[in-house]
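> A single structure is presented below for examination.
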Amino acid sequence: MARRPGAPAAYREEFSFVSPLVKYLLFFFNMLFWVISMVMVAVGVYARLMKHAALACLAVDPAILLIVVGILMFLLTFCGCIGSLRENICLLQTFSLCLTIVFLLQLAAGVLGFIFSDKARGKVSEIINNAIVHYRDDLDLQNLIDFGQKKFSCCGGNSYKDWSQNMYFNCSDDNPSRERCSVPYSCCLPTPNQAVINTMCGQGMQALKYSEASNVIYTNGCIDKLVNWIHSNLFLLGGVALGLAIPQLVGILLSQILVNQIKDQIKLQLYNQQHRADPWY
């Protein structure tokens with residue numbers, strides 16, 4: 001049957017607005033982060049099952065945090081994978097909306113943290129003090145605190161005497177612990193050529209004055225050290241933030257492009273259905 005003179009070739013039934021490049025690029029992009037999310041959940045579950053004691057405060061448990069982030073990432077990337085593969089507008093828009101919300105929340109957190117730096121400092125102080133209280137309750141938390149104190153050459157939140165908040169290191173006379181009035185070994189000054197770590201080097205340090213304790217341990221708190229480190233590494237932190245933002249923006253852009261292409265393809269199919277009765281089509 002003859003085609004109407006001048007009919008656009010773009011309206012042929014075999015034509016598709018959906019670009020295979022955009023479709024499969026978005027699919028493999030989500031597949032990569034989908035696999036990463038499953039690894040995060042697996043590592044978090046394994047770490048949680050390997051614990052021998054229940055953590056009193058789940059907010060500072062790295063294993064729980066890893067599981068929660070992994071599950072959220074799994075659900076989000078699942079929508080992106082299936083939505084791109086099946087060309088499902090609902091899943092793609094859900095993926096794009098959730099990714100946009102996550103990006104905006106990260107941006108808002110950064111801006112608010114900068115504007116309300118004093119309140120942010122108070123919140124960090126609260127978290128550190130809470131971690132000190134539960135130091136012996138969880139091995140992962142203990143290793144994290146020890147790493148931080150050795151990395152930043154600090155001890156406690158505001159000072160080394162903050163360790164008295166912990167029931168094992170408390171300086172009260174009725175404390176039966178052998179670590180009474182002590183600090184963790186990670187507070188101790190490094191000893192050159194030390195073959196064996198002396199885990200009792202912080203014994204009785206809280207009972208000493210600053211001048212005396214400073215000869216053996218770090219006396220400055222980790223909060224000031226952390227703030228100073230952030231101020232001196234703003235470009236590094238900015239690069240990390242940009243590295244986290246770029247994949248999110250790429251995912252949002254690709255999903256929106258694919259959604260628009262799918263909508264155009266639907267319009268094309270409707271157009272073809274409406275004009276099949278046309279003798280000149």
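Yeah, the Cβs are placed from backbone N, Cα and C, and that goes for glycine too.
Feature list, courtesy of TrEMBL:
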DISULFID  Cys154-Cys187  disulfide bond
DISULFID  Cys155-Cys171  disulfide bond
TRANSMEM  21-47  transmembrane segment
TRANSMEM  53-78  transmembrane segment
TRANSMEM  90-116  transmembrane segment
TRANSMEM  234-259  transmembrane segment
> Taking only the Cα atoms, work out how far Cys187 (disulfide bond) lies from Cys155 (disulfide bond), in Å, as a whole number.
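Their Cα atoms are separated by 5 Å.
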> Counting other Cβ atoms within 10 Å of each residue's Cβ, which of the disulfide-bonded residues Cys154, Cys155, Cys171 comes out lowest?
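Result for the disulfide-bonded residues Cys154, Cys155, Cys171: minimum number of other Cβ atoms within 10 Å at Cys171.
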> In terms of Cβ proximity under 8 Å, which residues at least six beyond the ends of the transmembrane segment (21-47) contact it?
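Distant contacts of the transmembrane segment (21-47): 62-67, 69-71, 73-74, 77-78, 80-81, 84-85, 87, 95, 140, 247, 250-251, 254-255, 257-258, 261.
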> Tell me the Cβ neighbour count for Cys187 (disulfide bond), meaning other Cβ atoms within 10 Å of its Cβ, over all protein chains shown.
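Summing over all protein chains shown, Cys187 (disulfide bond) has 25 other Cβ atoms within 10 Å.
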> Cα of Cys171 (disulfide bond) to Cα of Cys154 (disulfide bond): how many Å, rounded?
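Taking the Cα atoms only, Cys171 (disulfide bond) lies 20 Å from Cys154 (disulfide bond).
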